[in-house]
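**Student:** The structure's right below; bear with me while I get my questions together.
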Amino acid sequence: MADTYDLIVLGAGSGGLAMAFRAARHGARVALLDPGALGGTCVNVGCVPKKSLWFAAQIAHSLQLAGPYGFEGVAGRLDWEHFRQRRLAYIDGIKQRYEERLAAAGVQWLREAGRFVAADTVATESGAELRAPQIVIATGARPQRPPLPGFELGLVSDDMFALRELPRHVGIVGGGYIAVEFAGLLRALGSEVTLHVRERMLRTFDRELVDSLEEHMRTQGITLATGARISAARREGDAIVLDDDSCGERGPYDAVLWALGRVPNTERLDLDAAGVQCDVLGHVVTDPWQNTNVPGIAALGDVTGRLALTPVAVAAGRRLADRWFGGRNEARLDYDDVPSVVFSEPPLGAVGLTEAQARAKFGDSVRVYRSRFTPMQWALAGQHGQTLMKLVCVGDDERVAGVHVLGPGADEMLQGFAVAVKMGACKRDLDATVAIHPSSGEELVLMS
Ligand code: FAD
Ligand code: NDP
């Protein structure tokens, strides 16, 4: 006899937890399955440990300013293992609180993987069967491991958080969020870093800001190898070298990080048993309501191949729970104008359309405002690096279709502007907003 629930959630990452908590709040009887650690990628091998390292990198940058400001004797390298333990303790706290909240919410948490045996039935690894009229697939994604010779000599992002010491000389392959973030933070903490990008890094971001970020990275001493065609990794003594079809050999490196995108966790779900469709890359196909092609089965988060961001998975889960169990028939996530930040050095944030996207969509009715300046905290130390901010406006009323910020504080600055963009703010609304001075953010309401 199968145990019956109102809802089965596969995956206790950002999206699955959000779905389970919200559904339970609406009174649903929920079973939540996950063979891994509570919190999934974000908490264990994603946003949280990454941001922790980024904070450490920020302190390293501040230490570089300390001397020119006149502080004496401020220096030092990060005790990597000490900080790793602090990070783990912080993460343990998050997981502990999740466990307590699941118990308080009455969610049945099973520490096992699930797979479909029918459209309304999931089997666990230990052979139990669970049945529910509504099932959510929130099984996330994992690093892509292409069949390159010597791939196993390198690391993927998951492995970076288990390192016991800072690698001295790192070769990073890839040009996405993960590659750029690790390049910046490892360099700040003292590694020599070479970033191998096959074409252009951060292709989905506004080109002008990415060009500017590249300049910052070069100034920091990061080697940018663009046009790279890495075809293999080899061991040479204690070191690793990379074969680059465009120019021969790259390296030697103490460590190689492959950051080549992520693939969905779907192949072990026996989706055929339920009749759920996937695309050619293995993502579960969903409509704008998170529905799959099978009634009663939905999917959300990274497994769907939509924007792979924690707040997106969380918001999709909450909306779906509100619709299925909270009587809000119109609830669904609007995927337009989702803000995001690359925690590079300095951080790069964006919401809405890039200039190129806006010009392709709205032609000559696009007007771009930009501001480039040296932020005060750098200028005081005699540093000349510049931030770049850009407003992309469209139409006669100059609706703000995109806000792009590269510079210190971009990560905290953007959230409020994302609200404005979502509300349909026009340039005149920004003009009518009084600035906060002295700040970098004030530039966004002072552009002319
Ligand atoms: P996940 O969090 O991956 O959770 C999926 C869960 O499903 C896992 O716990 C897994 O064990 C479980 N599972 C798999 N198979 C089964 C099965 N058969 N049965 C039951 N459970 C199963 N996003 C941001 O917004 N900001 C950031 O700063 C950021 N930084 C990141 C840094 C890194 C290094 C990485 C890798 C990602 C980062 N992300 C960031 C992306 C973010 O982590 C993901 O978008 C988010 O975790 C997706 O949530 P999810 O619920 O879809 O999947
Ligand atoms: P991304 O999709 O961001 O980038 C993948 C990179 O790998 C691209 O530069 C791509 O190049 C390159 N690539 C893919 N295949 C190859 C190959 N065979 N050879 C060389 N280069 C290759 O993936 P990430 O793994 O960096 O991150 C996954 C997702 O996680 C992100 O898209 C983001 O949604 C999320 N994330 C969010 C963060 C945040 O919010 N701060 C931080 C980290 C991750 P090309 O562009 O040419 O295709």
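The backbone N, Cα and C atoms fix where each Cβ goes, and this holds for glycine too.
Below are the features listed in TrEMBL for this protein:
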type	residues	note
BINDING	K51, G114, D302	FAD binding site
BINDING	G174, G175, G176, Y177, I178, A179, V180, E181, G261	NAD(+) binding site
DISULFID	C42-C47	disulfide bond
DOMAIN	5-317	domain 'FAD/NAD(P)-binding'
DOMAIN	338-446	domain 'Pyridine nucleotide-disulphide oxidoreductase dimerisation'
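I'd like to know what surrounds each of these features in this structure.
**Tutor:** For D302 (FAD binding site), the number of other Cβ atoms no farther than 10 Å from its own Cβ, over all displayed protein chains, is 30.
Within 10 Å of the C-beta atom of I178 (NAD(+) binding site) sit 23 other C-beta atoms, taking all shown protein chains into account. Classification of I178 (NAD(+) binding site) by DSSP places it within a helix.
Residues near C47 (disulfide bond) in space but far in sequence (CB under 8 A, at least 6 apart, same chain), listed by position: T41, T310.
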**Student:** For the recorded NAD(+) site, enumerate neighbouring residues of the same chain (Cβ within 8 Å of the Cβ centroid of G174, G175, G176, Y177, I178, A179, V180, E181, G261, site residues themselves excluded), in sequence order.
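**Tutor:** These residues sit around the NAD(+) site: F182, M201, L202, A259.
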**Student:** Just to verify a number: CA distance, G176 (NAD(+) binding site) to D302 (FAD binding site), in angstrom, no decimals.
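**Tutor:** Between the alpha carbons of G176 (NAD(+) binding site) and D302 (FAD binding site) there are 16 Å.
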**Student:** These are the binding-site residues: G114, G176. Which one scores highest on other Cβ atoms within 10 Å?
**Tutor:** G114
**Student:** Using a 10 Å radius around its CB, how many other CB atoms surround C42 (disulfide bond)?
**Tutor:** 25
**Student:** Would you identify which of the binding-site residues K51, G174, V180, G261 has the most other C-beta atoms lying within 10 angstroms of its C-beta?
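**Tutor:** Of K51, G174, V180, G261, the one with the most crowded Cβ is V180.
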**Student:** Which of the three DSSP states, helix, strand or coil, fits G261 (NAD(+) binding site)?
**Tutor:** coil
